[in-house]
Amino acid sequence: MIDLNRILKLNIRAKLTVAFVGIAMLPLLIVGLYAIRMHTRSLQDSQLLHLGHDVLTIRERTETFLNGVEGDVRFLSHSPALLALVESEGDRALRQRVADHIAAFAQAKRIYYQIWCADREGQVMMKVRWQGDRYATLPQEGPDWTGASYYLHLIEGLRPGQFTVAPVELTGDGELVAAISYALPIFGRSGGFAGIVVADVFARDLFRVVERSHSSLGGKIILVSQEGYYLYHPDKKREWSKLLASRHEDTLQRDYPPEAATSILSGQAGTVLSSELVIAYAPLLNHGPSIYTVFESVPKSAIFAPVASFKRFFFIFFILFVGASAVLAYFATVQFTRPIRRLQEGAEVVAAGDFGHRLRTGTYDEIERLAEAFNRMAESLQDREAQIRRHESELEALVAERTRELSEEKGRLQAVLDNVPSAFVMLDPDLTIRSASAAFERITGRALDRVRGMKCYDLLWDERACSNCSARRALQSGQIVADVSQVAGQEGDARYIERVAIPIRANGRVERVLEVITDVTERKRIEAQMIRSEKLAVVGEMASVIAHEVRNSLTSVKMILQLEMERQDLNETDREALEVAVSSVRRMESMVSDLLKFARPTPPVFAPHDVNRIVEEAVGLTQYQFNRNGVRFVCRLAPELPAVTADESHLKEAFVNLILNASAAVLEGGEVAVETRRTDATVEVTVSDDGCGIPEAHLGRIFDPFFTTRPDGTGLGLSIVRRAVEQHGGTISVESRERQGTRFTVRLPTSRRLNVAEDLRAS
């Protein structure tokens, strides 16, 4: 059942008013609509019948006129005198006699513009035309005796007794005359085609016949051809000398809807209704080769004007009746709604908290009994309100005490979490951060009030989830998962984050994940440094022993070779060979010196220095290399760099090694660039080239001692550079692609204590 209360959200007074008015107006509405419908249908049928009768009357009147013309033309076509004229060889006397008879015949009718005949060859034999007040025979010479070929073509194929009708415009006495031409073939006594007779009827006489019929409803009577051209139109007949059928812009298809135009030109009688008009139509001359149609169009508003008047009267009466019913219903419903409104107001007072309010209606009916029940309810609520207030005060005291205890407990727990170096992060199953400890802000650099609601990978993994996420694995397996990942720091350096994902269960399933995040970058760095230190210590001991033994042997060999070179009896070939040997010994001594320098480096002496000045001195020491190799050098130094705590000689040696390596990697015409810039906590020195680059397989080993791809290299240069940078508490990184170049970036801290450097030196 449909609940009307949801659809019509009305008060009781409105509902009762609607009910009363509806009951009163429903019979009137049904009877009135039925009367309008029946009256409209009856009037429509009557008007359509009357309109159809008018059109048939017009057709009868018009066909009577046209049939008279047809009879005249048939009479002429069977005239023996006319047949003799078209079969003669141009007998002038016969032509004059026939013309006189035709003129007398036309004078009696006075509806023809001209009557003429021609033989089978198209030669005009006789022509009689209206000349002001009488008919006269035209002279045989002149342009008026031409034009028979058109009519011969028009009657071509007609059998005896058939004729054709065509609207034409004829030229006579310097003006155009609108006419309707009737053309009939003349057949000889042998039955063969002998000639043609043509009678041109004044179109104005036909129009006068049509105009005598008019409709009392303001309709228009129109004649059209089978092609839709107007022969007669009351709004478009301003020029009697011009037949409307010749105007191509005045057509039925242009002025009326396509459906109406098709019905009118169908050749049948009937009526059609368009959006604004009612049209009755009937064909003319339907038995001949040429078909014309007469129709009358009447505006719908004229036909249905009485219906519209009746509708207006009915609706005015209906509105007055509804208004009177509504007024009576209003006074009747006040007796119901007034006590109900008092009940509503009393309920609002009680709802506001005044449980001592009581109602008095005085209706002595069901509404008064409802008010009494309402008063009993208010009294009961008043008693319960007193009990609730007592319980409320006791509960508030209990809640306040418990809240204080929970707040203290939460404060102690938060203090513990905030002082733990590791960060505690609570994640939803979709990795949304719900809460985090203070250490999370130190690790990520993001304020805690901004990270809540964000995805954890937006902060740690550059806005994309890692493929081996520990939190996801903990959610799926329900077990504790730990891993260590490498991320990019705020300064672009590599950082290592240890994450331990602990699943939090509730109701037997994992609903959240507690992730413990620890920055283990320093620990990883110390571990890697300890491993390298152990390697370097072993390598250094081996290099020291080897260098000591090799240096002694090289000294002896060098002395012997020099003594041999001092002999006076040496020929030039032997002397050159000894010089080559001494040069090789010296190169080996240089390599031994590098080994000893690597094995027993000099202790660094730290002091504040300008990095730009150290870089400029390193560039000056390597300038000869660029001039010799034809390498273009670019130096871009940032102004006002802060001082760094460094050992000048060690740092300069590191920069020299990087620049020489870059110059050796580029071909003639290549480029080496040295740049310095300042970041938040470091000074960066970048050495880049556009040389051959380093294969990806070698990138992980270029800082290992004795690893080299150059035939003349020792493999110690980059190891010494890395050790020098790490002695300064900095980092060095490399980016390289084969055949595109290499970039080394050294990052030195700007706020570094000297005792840290001493600790590193001691280690």
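Here the Cβ of each residue, glycine as well, is placed from N, Cα and C on the backbone.
Going by TrEMBL, these are the annotated features:
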{"type": "TRANSMEM", "residues": "16-36", "note": "transmembrane segment"}
{"type": "TRANSMEM", "residues": "313-332", "note": "transmembrane segment"}
{"type": "DOMAIN", "residues": "334-386", "note": "domain 'HAMP'"}
{"type": "COILED", "residues": "364-408", "note": "coiled coil"}
{"type": "DOMAIN", "residues": "480-532", "note": "domain 'PAC'"}
{"type": "DOMAIN", "residues": "545-752", "note": "domain 'Histidine kinase'"}
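Long-range neighbours of the transmembrane segment (16-36) within the same chain, counting only residues 6 or more positions beyond its ends whose Cβ lies under 8 Å from a Cβ of the stretch, are 8, 10, 307, 310-311, 314, 318, 321-322, 325-326, 328-330, 332-333, 336-337. Note on the domain 'PAC' (480-532): its mean pLDDT in the predicted model is 75. Assigned with DSSP, the residues of the domain 'HAMP' (334-386) fall into helix, strand and coil as follows: 39 helix, 0 strand, 14 coil.
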